[in-house]
Amino acid sequence: MAVRASFENNCEVGCFAKLTNAYCLVAIGGSENFYSVFEGELSDAIPVVHASIAGCRIIGRMCVGNRHGLLVPNNTTDQELQHIRNSLPDSVQIRRVEERLSALGNVTTCNDYVALVHPDLDRETEEILADVLKVEVFRQTVADQVLVGSYCVFSNQGGLVHPKTSIEDQDELSSLLQVPLVAGTVNRGSEVIAAGMVVNDWCAFCGLDTTSTELSVVESVFKLNEAKPSTIATSMRDSLIDSLT
C-alpha cells in the first residue's frame, strides 16, 4: 500500500529515507513521528534504522542500495558506517565509494536487478555498483535530465518517471528495466519524483502533499494493492535470471 508521510513538515520523504526490500534507513531528526510511520508499516518484515551519512540527514540522496548491498560516499564516517553495518542484515554488503558525484542517490537509481546511472559516473563506481548490488548498469538520461536518481523511481514491479518523458523514452527505459513505467508526479505536481517518495516491492511512502490521484497512480504502477513481502517470488525470479545468464 501507499502511505503519506512528512519529515518535520517537509514533504520530500525521499530525501530523508532509503527503502529497499531488505532494510529501511531513516534520517535522524526531531520528528519521531516520521520514523514511526515507517516502523508501523515495515517492522514486521525488515529492519528500520535511524542513520546519518557524512553528517547529513538527507540520507536518501547520499546513498544507493538494494537488497544485495548499499553504497555510501567516501566522506561517511567510520562510526556511521559501523552503525549501519551492525543494523542491517548480514547478507547486505556495505561499501564506501570514492566518487566525484558524491550524492549517489541523485546520480544512480536501481532495483534488485538493474541500475540507471548518470552518463558521467566514474567507471570504477559503475563496476563497484555492478559488483556490490549485483545489477546490470545502464548509462541513461530521463527526459533529458542527467540526474536519473532524482527523476526516476522503480522497484521490481514497476516505475514512475519524470512527467515530460516521451513515449519513446519510456518504452526504451521500460525494455532496459524490464518493468512497466508511467510518467507522473508526486507532492501535488512535483517532477522530482525520487525526492518525494520511496518504494519497495510491497510498500510506498509519499510526501503529505501527494494528491489521491497521484497516490492511486503510485499504487497501480508499483502493483501495491496485491503486494506483500514475499521471498518466494523473489527467489523464483532470482533462479530464473541465474538460468538465463
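Note that Cβ sites are derived from N, Cα and C of the backbone, with glycine treated the same way.
In this structure, Y113 (phosphotyrosine) belongs to neither helix nor strand by DSSP; it is coil. The phosphotyrosine feature in Swiss-Prot is assigned to Y113; the stated evidence is similarity to another entry.
According to Swiss-Prot, the phosphothreonine annotation covers T165. A coil conformation is recorded for T165 (phosphothreonine) in the three-state DSSP classification, outside any helix or strand.
In the structure as shown, the Cβ atom of S166 (phosphoserine) sits within 10 Å of 11 other Cβ atoms. What Swiss-Prot records for S166 (among others) is phosphoserine.
According to Swiss-Prot, the phosphoserine annotation covers S174 (among others), on the basis of experimental evidence. A C-beta separation below 8 Å, combined with a sequence spacing of at least six in one chain, links S174 (phosphoserine) to G159, P180, L181.
All protein chains considered, the CB of S175 (phosphoserine) has 10 other CB atoms within 10 Å. Sequence annotations record features per position, and here Swiss-Prot assigns phosphoserine to S175 (among others) based on experimental evidence.
The phosphoserine annotation in Swiss-Prot covers S235 (among others) and is backed by experimental evidence.
Positions annotated as phosphoserine by Swiss-Prot, on the basis of similarity to another entry: S239 (among others).
The phosphoserine annotation in Swiss-Prot covers S243 (among others).
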Integer Å distance between the CA atoms belonging to T165 (phosphothreonine) and S175 (phosphoserine): 15
Euclidean distance between Cα atoms of T165 (phosphothreonine) and Y113 (phosphotyrosine), Å: 22
Other CB atoms, at most 10 A from the CB of T165 (phosphothreonine): 23
